Structures are given as C-alpha cells and as structure tokens.
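If you look up Swiss-Prot, you'll see 1431-1457, 1537-1561 marked as compositional bias 'Basic and acidic residues'. The domain 'KAP NTPase' feature in Swiss-Prot is assigned to 440-953. If you look up Swiss-Prot, you'll see S918, S1163, S1352, S1359, S1361, S1521, S1526, S1555, S1574, S1623, S1633, S1681 (among others) marked as phosphoserine, on the strength of a large-scale study or a structure entry. Annotation source Swiss-Prot lists repeat 'ANK 2' at 37-66. For 136-165, the entry in Swiss-Prot reads repeat 'ANK 5'. Residues or ranges marked as repeat 'ANK 10' by Swiss-Prot: 301-330. The motif 'PDZ-binding' annotation in Swiss-Prot covers 1766-1771. Residues or ranges marked as topological domain 'Cytoplasmic' in Swiss-Prot: 1-499, 546-659, 707-1771. As annotated by Swiss-Prot, topological domain 'Extracellular' applies to 521-524, 681-685.
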Amino acid sequence: MSVLISQSVINYVEEENIPALKALLEKCKDVDERNECGQTPLMIAAEQGNLEIVKELIKNGANCNLEDLDNWTALISASKEGHVHIVEELLKCGVNLEHRDMGGWTALMWACYKGRTDVVELLLSHGANPSVTGLYSVYPIIWAAGRGHADIVHLLLQNGAKVNCSDKYGTTPLVWAARKGHLECVKHLLAMGADVDQEGANSMTALIVAVKGGYTQSVKEILKRNPNVNLTDKDGNTALMIASKEGHTEIVQDLLDAGTYVNIPDRSGDTVLIGAVRGGHVEIVRALLQKYADIDIRGQDNKTALYWAVEKGNATMVRDILQCNPDTEICTKDGETPLIKATKMRNIEVVELLLDKGAKVSAVDKKGDTPLHIAIRGRSRKLAELLLRNPKDGRLLYRPNKAGETPYNIDCSHQKSILTQIFGARHLSPTETDGDMLGYDLYSSALADILSEPTMQPPICVGLYAQWGSGKSFLLKKLEDEMKTFAGQQIEPLFQFSWLIVFLTLLLCGGLGLLFAFTVHPNLGIAVSLSFLALLYIFFIVIYFGGRREGESWNWAWVLSTRLARHIGYLELLLKLMFVNPPELPEQTTKALPVRFLFTDYNRLSSVGGETSLAEMIATLSDACEREFGFLATRLFRVFKTEDTQGKKKWKKTCCLPSFVIFLFIIGCIISGITLLAIFRVDPKHLTVNAVLISIASVVGLAFVLNCRTWWQVLDSLLNSQRKRLHNAASKLHKLKSEGFMKVLKCEVELMARMAKTIDSFTQNQTRLVVIIDGLDACEQDKVLQMLDTVRVLFSKGPFIAIFASDPHIIIKAINQNLNSVLRDSNINGHDYMRNIVHLPVFLNSRGLSNARKFLVTSATNGDVPCSDTTGIQEDADRRVSQNSLGEMTKLGSKTALNRRDTYRRRQMQRTITRQMSFDLTKLLVTEDWFSDISPQTMRRLLNIVSVTGRLLRANQISFNWDRLASWINLTEQWPYRTSWLILYLEETEGIPDQMTLKTIYERISKNIPTTKDVEPLLEIDGDIRNFEVFLSSRTPVLVARDVKVFLPCTVNLDPKLREIIADVRAAREQISIGGLAYPPLPLHEGPPRAPSGYSQPPSVCSSTSFNGPFAGGVVSPQPHSSYYSGMTGPQHPFYNRPFFAPYLYTPRYYPGGSQHLISRPSVKTSLPRDQNNGLEVIKEDAAEGLSSPTDSSRGSGPAPGPVVLLNSLNVDAVCEKLKQIEGLDQSMLPQYCTTIKKANINGRVLAQCNIDELKKEMNMNFGDWHLFRSTVLEMRNAESHVVPEDPRFLSESSSGPAPHGEPARRASHNELPHTELSSQTPYTLNFSFEELNTLGLDEGAPRHSNLSWQSQTRRTPSLSSLNSQDSSIEISKLTDKVQAEYRDAYREYIAQMSQLEGGPGSTTISGRSSPHSTYYMGQSSSGGSIHSNLEQEKGKDSEPKPDDGRKSFLMKRGDVIDYSSSGVSTNDASPLDPITEEDEKSDQSGSKLLPGKKSSERSSLFQTDLKLKGSGLRYQKLPSDEDESGTEESDNTPLLKDDKDRKAEGKVERVPKSPEHSAEPIRTFIKAKEYLSDALLDKKDSSDSGVRSSESSPNHSLHNEVADDSQLEKANLIELEDDSHSGKRGIPHSLSGLQDPIIARMSICSEDKKSPSECSLIASSPEENWPACQKAYNLNRTPSTVTLNNNSAPANRANQNFDEMEGIRETSQVILRPSSSPNPTTIQNENLKSMTHKRSQRSSYTRLSKDPPELHAAASSESTGFGEERESIL
C-alpha cells in the first residue's frame, strides 16, 4: 500500500500535478519515499525547479539532507540546475552547504562549474567554502576561470578564494583562463595578484598558453604584469617560438617589444627565426630580422633559416634573409647548400637571388654534384643559363662528380642539348647539327639501311651528289655513325665453355705443373697443377653465370665475361687462321649474317700527288682492319693466307697431314721431353730415356729448321705493317712508275679484301670496307679521270663500298675534257662514264625532302586510274610495313636506337618486302618492251635506287606502290632530261588532274623539247627516245601526275639542277624571241585561244612560242645550235657558264583585266588540258578589257569612251547601282548584296581604300560573284589612279597621254594600222604595276599554294646553291676570285655569241639598225611581269588569283602633273628595239636636275639609294629571295614620247637651265654611275649565278634617299615597241652613225671599254665590290632598285616634243615580230606597266619639260610633299 502511495507521490511530482499531490499528501504523511535511483520527491522537484511542489513537500515534512545513490542532495541538484529560489528555500530549511557528492563536489562547485552566478552568490552569502577542492584538487575558481565565468571568479575572489591555487598538475586559474583566452577572468585574476610565471601542466605558463591559443588581448594583459617571457614549455619552446610558428604576428611584435630573446633554440635546435621561416610567415621573419635574429644558426639537420626559406620556395623570404648577409655556403647534413636546394627545386627566382648574393656555383653535395650537374640533369635551360652567366663558372662544366659525370657529358648524353641553346652551336659537326639543320637525317638513315642490308652484295659505289660547297661532306660522318649503329657493332659476346677452353686450361696447368716438377719436386708440380685447374674452373663458372645476371652487383662479372670471351675468341681466330681453311659463307637469303663496317679516315683526295693520297687512304683502311681484327690476326694473315690450291677441305695440310696434328705432335714431344727431364734428369745410366730425349730433340729441331722460312715471314709480317709497306712503295714512286705503284696498291687492296673475307668466314660476320672519297671536285680537272679509274680498278672487287661525295657537274665536265677520242667518238660521255661507275646515285636535295611530309598520301591506290586493279599481296604488305621513320628511330636516344630486338624486327620486315619487291621488279622489268636496253648493271642500279627511295618514302609516312615506284625510278634514271621537262611542267602549271597520265603531259610538251644534241647537249644523258615513249605508254603501271607528286620529294637519283638548266635555257630562248630577233621560233601548235589561268606558267611575256594568232602552227622551224644558249663551243654542256635568270621567271603570272573581260573568262580552277606549249604561251586577254561596255568596235577604230567615273565620287546608292551593272552576278543575291553595302556604309571612298580581304569578309559573296565584284573594284581603283582631272594641262592634253590601263578601244581609235590588220591580231597585255608589288606580303600571310601543294620547288635557287637555302652565304664565301672571273668571261662569251646569232641573215632589222640592248636587257627585263605574276601567285588564296588584293591607290596630290618625258623612249622607226647611243645617254642626265635642292653628297648617292618611292608598301618587310637580283626588270613596252623639236637638242644636256651651284654636279654623278654600271653589266650574271645576293632592296631606307630615287626613276624610262608607221621619225644616233654592221652596234653591250648606254640604265641592279657602300643584307617584299633595270632611258631633252606628235605615237604601241616561220607580221599591243608609268608620271610633273629653274624646284618639292602625304595616308 505504501509503495503504491509513494509511487503516486513521485509520479505526481514528476508530472507536476500539484492538486493531486496536495490531495495525496493530505492523506499520506510519508513524503520521503524514494524511487529506484534513491531520489526523494524533494530531490526530483528541486531538480525540476518547481518551487510550489518543493514548498508543499517541505511543509509536509520532507527531509532536505537526504541523499540519493550518488550522494546528491536536493541542494546540489538545485544548485547545478541554477534554481535560485529553490536553493533559497532549502537554505531556509537549514540544508548542509558543504555536503559533497560522489565526486567530492559541493553545491558551490557545481554552481561554479555550471556558471550559475546567482546561486554562487547566494551560497557564498550563506557561508559556503570557496576553497573546497574536488577530484584532482580542482578548486571552484579553477573551474570558473577555465570555463570563462568571469563574474563567478570575481565573487569567489571577493569571498576569499585562493588566486594562485592550483590543481593536481600545478595549473592555476590564470593558466586555465589564459588557455581559452577568457580575458575578463584573466583581468580579475591578475587584479587579485595572480602569479603570471607559475607553470602548469607541461611547464606551460599563462603567457605560453595564451600565445599558443593566439589570444592577443590576454597576452597583452599578462605582459602588463611583466612576466618572464623567456620561459619555455617542455619542448623548449618559448612564447615567441610558439607565436612565430603559429604565425601570430601581433603577439610576436608584443613579445619582441617585451624583450623576448630571439635566438633561443628549441630542443631540436631550431631557432625562432627558423620556426617562422618554416611556417612561411613573412612579416614575422621581418620582425625577427629587425630584432637581429641570428640567421646563420643551424637548426635541425644543419638547416639554416635561409635553407628553409629556399626549401619552402618563398622568394620573398629569401630576399629578406639575403639582405641580412647570411652565409650562403652552410651545408646541410646531406651537403646541400641553399643554391643546390634551389636548383633541385627548379626555382629560377630563388637561384637568381642567391647568385646575386654571391652563392658559389662550385658547391657540391654528398654525391659530388654541383648545381650545374643538377640543372643539366633536370634539363632546365634557364637554370643552366643562370648558373653559367659568370664565364668563370664555365669550368664547372668539366668538373666530375663522384660518379665521374661532368655536366657537359650529362648534356651530351641527351638528344637535345641545353648547352648548345645557351652558348650556340659549340662546333659545326654532323653530330652537332643532328642532321636536321641540313635536312640529311633521312638520307643518312636510308643509305645506312641499304648499305647494312645483309643481302646487299658488295662491291657497290654510292654517289653522294650535291653542288660544290653545299656541305655534303657533313653527311659523311653522320652516314658513318648511322652505318655503325645499323650494323650493331656495339654488341659484346659473353664467355662460353668450349673445347678450346679445356685444351688451353689443361695446357696451362700442365705447363705450370711441369715447371714446379722440374724445379722443385714432381709431387708439388702435380698438386699445384690440379689445384690451379680446379680454381680456374670455379672462376669460369662464377663468370659464366654472373655475367648473365642483372643488377649492378654483378657488373664486374659481366665485364670479365666480355673481356674473357673477346680474348678467347681472338685466340681461336688466330688458331683458325693457322690451321683451318675458311669455310664458305652461307647464302644471305637463308641466314643473314651481322654486318660490320670499316672506314677510311683519310678520305680527301688531294690534287697534289693523287697516288700518295690513295696510298694513305688504303693505309688508314688497313689501320681500321688492325683495330677491328687485331694486330696479330691482320699481320699473320699475310703469312698464313689460304692459297686457292688448298681446295675446300676443312683443315690446312702439310705433307698430307692436317697441320694442327703436326703442331700437336711437336707440342707433345716438347712436353714429353720436359717431363722426362723432370723425372729422370740427365743421367748416363738411363740409356732408354736418353735415347727417347735425343729422338724428341731431333724431331723438334727438324720441325724448327723446316719452318725457318715461315718464322722469317712471321717476323717480317709482324714488324712491317701494311701501312709501312704502302709508304715504302710511295717513297719509291719514281722508281716504280705509276703502273708499278698501282700494282702494289692493287695487291695490298686484294690482300685486305681476302683477309676480311677469311676472317668473316671464321667469325660468321660480313665485313664491308667503306672507302669514302671526298674532294674530287677540288682536284685538278685533268687528274679527275685518272683518279676515278684508279678507284674503280682498286675497289671493284671484294667487300668494298666506295662513296663518292662530289659535285657531279664538275666531275662530268672534267671527264668530258679528258675522255679519249675513241670514247668520245663512240658517243660515250661523262654522264655515261659516271653512270657506269656509280651503282647508287643520291642527289642531295634537302629542301625537297624536308617538304616531303607535306605530301603525306593516305590513299591505297596511289594514283592508279580508278578502273585499274592494282591491289594485291604486295600492296597489303606495303600497308603492313611499319611506318616508323628511320630518322625518328635514331632520335629516340641510345636505348631505343640500340635496341637490337626492335631494330632487327623492323629491318627484317623491310627486307622481306625488299626481297619480294626485287623479285616482282625483275619480273616486271623483263616483261616490258623497253627492257631491251637494260643491262644487269643497270638493273642493279635501279634496284638500289628503288630501295633507297622506298625507305625515304616510308620514313616520311608516304604510302606508295612498289611497281609504280620502280617505273618512276626507271623513268628518271634512263631519261632524266625529258623527265625533268615533265616535272618542270607539273611544277609550273596548276590545275592538272592527279589522274592525268605522263604520256598525255609529254604529248603536250614534246614539241617544245629540243630533239637534237646540237641544240641541247643534255639530250645525250637520256636513253633512246623511242623507248621513252614506249615506256610512258606501257600498260602496267601507267604513271600519272599524282605519282610525280608522291615520288618527287624523295627521288634521289634525279639531278635537281637539270630543271634549273632547262628553265634557264628556255628563258633565254623566249627573251630572244620577245625582241623580235631572227631567232627561229620553237614549233607551235594550233589551238583555240586559251583562257588565262591563274596558275598557268608563261615564262615570257610575248614568246614566239606562244602566239596563237597568225603563226602557221604546224610549221616546225629549225632550232639553233646549242651554242646559242651556252657560252661554250663544242658539245660540252655549260653547267655553270650559262645565263642566270631570276627565279621569278619560272613561276606563273596572272594578268588582271577589266570586269567585263572576266565575264567571258572561264573559272580559274578549270582543269582544261593545256595546249602543247608547256606553259610557254602568253595568256591571251580579250579586247574588251576597258571600263566601258564591250563593243565590237573595241578592237578597231571607234569613238573614245566618255570620262571615267571616279571611284571616290560614288555614294552608297551609286555603289549599289554599279553592282547591279556587273554582268554575270547572281541576280537572286543582288538584294542581299545591296543590303550589306547599305548596312556597312560601303561607299566609293571605302572601296578605294579598304583592304580587299576585309571587304570579302564583309560582303560574304559566293565565289563567282566575289571574283567579278573584286575585279570591278580593282579596275576602278586602277582607272582612278590614272586620272588627275584637276591639272589643267592634263585636261588639255588628255587625248595625247598614254591610255589608262585596260582601255584598248581608246588606243585603237588612233591606230595607224589598217583596221583589218589590227582586228585580226590578238592584243597581249602585261598588266603590271608597282603598287601590285608593293602590297604583296602586306595583306596576305604565308604564300599559299592551294592546289599543287607539292610544288615545293617552283622557285629555283641560283645555279650554285641548289642544295642549301637561297640565303646560303657559306658557299658564296668559298667562291674564289678565279671562279668569279671564269663566270665573267663565260658571260662575255655568251652575250657575244647571242649577239652574233641575233645579227644573222634572218634578223629583221628594218631600218638597218638593231638594238644593242635587245640581247641582254630583254634577257633581263622581259620578266618584268613575271615579278608581279610570281608574287601574285603566292598571294593566291583558295585557288583564286588576286591581282590587286588590298592594294591602295598610289595617286599623288592632285596638284601633281604627269611628265611624259619619264614614260619612255619613243621608237619611231620600224626596228623593234632602237639602239640607244652615247648621246641618248647624255640626255639622261636631265634626271639629275630633279635634285636641285639636294646636297651634292645626296645627289651622288645615285647608286646607293634604294627604291622607296614606288609606294608605301615598300616600307614593309619583304621575304628574302634571289628575286631581288634582277631588279624590277620592267618590260620594255611602256610608251615613250618624243618630239621632233627636241631632236635638235639631243645630247645637249646643259641646255636646260639649272641653278649655277649645281651645274656640274649631275654630270659627275652620272659619269660615276657609268663607271659603276660598266662592271655591273657583266658582273650582274656572275653575282646572280654564284648566289651573291643583290643589295638593292635594303629595308633600311632614309627619306633623303627617296628624292634621289626619284631622279633614278625619271631616268628609268621604259621602251614601247612601235610599228612601221613610225619608222621615219628618228634618225640613226650620232654615236653609231658610222657603224654599218648592226652586229657591231649590238656587240657594244659586251664591251668593257666602251660602255653601252643601256648599261647606265641598269640602276643598282647588281652590286659589286666596287660599288659605293650599299652592301647590305636585304629582303624582298618590294620591288628592287630602280624602275629601269633594262628599259633604256628616255632623255628629258628628247621628251621636249610637241604634244601633237605625241598623240600620234600614243595611239597604239605595237611590236612587229617576223619569225621565220610566220608568213604574216604579228602586232602585239603591249600595255606592260601602264599603271606604273602613270603613277611615275604623276610624280614627275610637266614642269620638268620647262626650261625654267623655278619650275624645276617646284616639281621636286611638290613631288616630295605628295609622297609624304601619300605615305601618311596609307600607313
């Protein structure tokens, strides 16, 4: 019952059900009942904080001091929970204040712990003890302080609590308060006098724990009490150390201000500074450094603060520390200095800081490594550069570390050198250039692969062909290294057990035992020999197994194993040489033996004493044999060589017994004798023994006596080496004579070959003796043939590989000169001779090879006709062959390059393919019709070439078909000349389909190819032409254009110079044809006029080979003799002594026409077949080229069109209207185009000045519309640039000025020829302007060849530098004065012969005079348009020619007037080119009057100035090219005007008044000009041909040069060829009036004594040494030099003519050509350089025609001003 009642009371208390509790308490008086935890209802109510229930229970007599099971009372429960009123009630009841619970805690303790401030205050007021302690002796104040109850701390302190009381560990309330940063508690405690230095747990003081927690304010409070700031914790850390490590900057500063010691180390030895550095706290480090912290104290592992800063990579900290001058050389325990550590971390900034502070680069770590070792091993160029910036430290490159490595060697062991990047190339050697510099990597790899092919049967002769001075010798060493690598000579043999080992060990041990037995005792001898035998075999076993184990610990065993094997193998070889006949080597097809090479070191055949140098070469080869085979083997072979009579038995025999049996018998006798002597001694008693000894001695003695001769031979052979014998023979050359000496050489060479073969058969190797012959092209030419014969005789048998490195042209020339008459009469020439000697020709064409990767071909058919079925096993095998480049294999480093397994597998695959290829090729070649003239030697040569070419193609990852490659190689090998024609055509002609067969191409160009050797001596190097045609027609495989693309870059047997020669001769032929001379033209072919193609290649402007008009196309006229082209007489082809023509002669040109013309022009990308002129035809322009609408009358006479609408005057609507008028535009797109124009506000001014490319992007037209629109814009720009309407004189004489560009109708209206004749002619134009040149390279990027990207060589270099780049100056420096003199003489002869041929019976000299400049200057200048077209082609984008892209109008100020005197020389007679005489030349001095305001020094710089005034584009950088060499070379067809009135004044220069102070200066200047040009005329070709760069195109211009250039440009007047109607307007010039023979007049160009006036128009075309300081390195994006390179000047006095006559001359300028094959004259309208002349005319103004000096001054000034403004507006 009571339990129920009590439960009810407790329940009611817990439920706080007061009414029920009251009711229950009234019934039941027991209020102190407990629950299961021993709690009474009062405890529960006190804990719950229910005051009313507590009061009720107390009123009913509840006991306040009862305890529960944990000794808790109601007071403790109420205090813990903070119920103040209940505590107060309980206190009133007299509760026990000091009662402790189970943990010894009183109510006060709990209240302090829980932070019950009111309860604490109440308990203290009732007398509670504040110093009571609980568990671990913790006081209430400690709990309050540690838990941050500041008010309680204050109350306790006021009530007498101990301020410095401590717990069990000595930790005071202050430490506890500071540990958590309870600032108020700290303040109360400090105020009551708490001890700040008392240490608590872990020796921590209040300051330390406050610092560790980072409580700045607490630290500040504690520091106010002046604590001991240097106290440390148990780890030795002071407060400052802790603050520094933790990064509390403010605390550190406070501590430092309080006077803390900064250098106290902790237990590990680290100082405060090191701690701060390790923590990366920059500000703290600075603060410590300001307090003079010791920076050199070594901490843990001997690391200083500086080292730690470096290790942390903190450059700021390093900089701060370095400012305090630390010791930078203090090492850590690993020996590392800060610099070494920084280098290891690759921290460039820190390294630089340390070096600036003087850290030593020579410091070493424990491995002996310097920072340089580390930097170079880490491949850090910048670090190495920093470390080596002091030149004195360069010596450290050669300081080895403990492993013996030097930085230099470490660098050398890597493929890409760092030191070379720092210092530049250390030395120019094949290994250093790595082949890439010269592009020879693939050549050397492919050749090495061929020559190391085990199945390749020597002897073979390889020809490395390149021009003299091209650096081909660099390839030789690289080839040697590659061959050694391919041959795998670095593999070392390991020790093996063999019977020879057993025999030798038994012999050695037996001999040793005999020795001891003989000297000491027989038993000792036996014991020693057996013991030694056992030791030897134990040693052999260890070596055998140890040498095959991996790991550095067994490296010594490997070394011993290889050395032992080498020596035993050598001993075995010696024994085999003496006793064994060499076995036959197995067939290489069944077992491929490893190959090894021996090289000659002395490979230079000197011109003096060729025999001696050959002897030296063979001697070096014998030395190489001795090094490879050993000293004894090579010398003993001379004695023990196998005679052919020995037969094929295994053993050598003596007296029918194998020699080794006799040898063993003798050895046995000797051993037996010694044994008997050892046992029995010499004792007369032993008669039997003595008899045996005597017989043994007899046998041995007899053997020695019989072999005396052999012993003598052995002795002689050992003492006299092969080198010594050769030198002895050479010293007796005067006695032996040449034949005897050759016999000695031949014997020695044969002995060497036999020795190599014998040793190979024993060692199962293939030895190939490589004879490298360099320098033949430097020999005296009369000795070359002798040297070749000698080499062929000596090395034509045996394992020899002869490598010729020479210039084939020099060699062939020398051979031709020295061949005997029998060979020459039998049609054998130098080419045949060299072809017979050389089995594998390799023409080094590095530029073509370097571009080969552009032509990667992925198609499997490789250009086959789609229907042809050429797939099969071979092609599958082709695809399976690894595509690894040979060059890349060697670049991967030594490990990869020497990985024999990979190399072997790769090469075995290639050899399988090669064998299959050879088999298939042989079958292919035999079945073809053209096989009839292929000899076995030719077959071998073809297979060699195919093999090399195939490797190069594979190396460049070009997929190909072997059959096609073989056909191509046969084509290039048998008919190189005709193949070069095909290639030249493909290079110069774009748009040729890939599938077009070479047969088709050949049919197009065949009639342009000379047919007789008299015309072209190079025909002699070709085979039968009938076989050539049969070959091209052969059914399988049919070669197509694509095959040429694929194979040409890697073709090594075709001389690239052939194409240069063909182009040179062709250019000369065409230029002669242009002059209208009596040169019989090449055959022509009838055909419809071709539309001009942007990629076609007419090499001349008006070639006689290209007139489709009235020529009888089918007539084949005779071709001139070859001397017509060359400077040589006789059949010898002049490889060098031929004219040089600028490279841009050979590239396509494009002729912009009017917009209407473009309507009828087919697409530029058309692939119509070209007619059969090989691209020599001139592009025919429609007559409707003007800006007006085309009419039929445009070809005949008709009214001149109205005034041209200026582009600048058009507004936006007018531009839209103009757009709609363009015929051919897509009408559906016109609204969109007009919208774009209006949106972008494109008016006339915008069109006149904008960049064409930007306009294209903005207009966003389709291709055809854009082409038409662009052409219209460019034509309008061009037309506007020709009109200066504000000049009244221009307006008044507009009808007599030259017709603007593209207006044939206007010209035709004044034509004096009959209309019928004119209309039948085809007007030809060469539209070429300087602004077209000037803007080249400005708006476009790199030249694009969008269609035929494989034509890497469309621009050929000069004759002398076909191997290297055009800028190669190395070769030029090698040209001696003698060579240049030979060039000069050759060109004189060449020009003379050309002139004589021109003056032949068929020449057309209508007025009885011919032109002296026609031969040479036409040769130089007819290519004027070629410059434009060539550069224009480079600008081609998306296969579209852009004639005037981005071109700006070059109009001068409108105040300028046109000077017709500068536009040319009037040719009034019927002669195509008038001779310009001395008088004409004098009149050129009027050009000097253009400089009246200049200083005399500036005027005299006539030849030093560069062409600046051609347009602003000239200021841009230009591409370096030999195109500069020929100057601007404008064509000769710009109209030149002349007046009858001025004819009286011809030659009278001084008639035009000028300022007195300048009266004589221009004359002196021009006389000086003549002197300069006298040599320039003949030296021009020389410098060009030898690669000397023209220096007229300097980018370094000055403004004062521009005006001087104007003077040149005024004299630079161009020639217009006139028709018969003007023949009577000009008389014979005075200076030539006495010369009746036109040849004499023509020859004046070649005379050095009499300077032709045409020479003086060659303004600065080719500088020589005697020119004024103008020798600069130049570059080409501008036109070179002056306008006139070849257009002989029109004198100013001649230009003073009445304009009535000028009108007649201006009407139509025509050339009449009368070739022998043409029944009708051809009139050619040539508008070349119209735009240029008009621009120049605007600059030169009418005032120059006046005789008033002020006007002259005005002309010059207005010109200068105009140019300056123009430049500003454009730039």
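Backbone N, Cα and C atoms are what each Cβ position is placed from, and that goes for glycine too.
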**OP:** Pull the DSSP breakdown for the topological domain 'Extracellular' (521-524) and write it out as helix, strand, coil residue counts.
**Re:** 3 helix, 0 strand, 1 coil
Original post:
Which residues of the same chain, at least 6 past either end of the repeat 'ANK 5' (136-165), have a Cβ under 8 Å from a Cβ in it?
Top reply: 108-109, 111-113, 115, 117, 120-121, 124, 130, 171-174, 176-177, 179-180, 182, 184-185, 187-189, 192-195, 198
Original post:
Can you name the far-off residues of the same chain, 6+ from the ends of the topological domain 'Extracellular' (521-524), with a Cβ under 8 Å from a Cβ of it?
Top reply: 678-679
Subject >> Helix, strand and coil counts within the topological domain 'Extracellular' (681-685) (DSSP) >> reply: 0 helix, 0 strand, 5 coil
Original post:
By DSSP, how many residues in the repeat 'ANK 2' (37-66) are helix, how many strand, and how many coil?
Top reply: 17 helix, 0 strand, 13 coil
Original post:
Averaged over the motif 'PDZ-binding' (1766-1771), what pLDDT does the prediction give?
Top reply: 40
**OP:** Write out how many residues of the repeat 'ANK 5' (136-165) are helix, how many strand and how many coil, based on DSSP.
**Re:** 18 helix, 0 strand, 12 coil
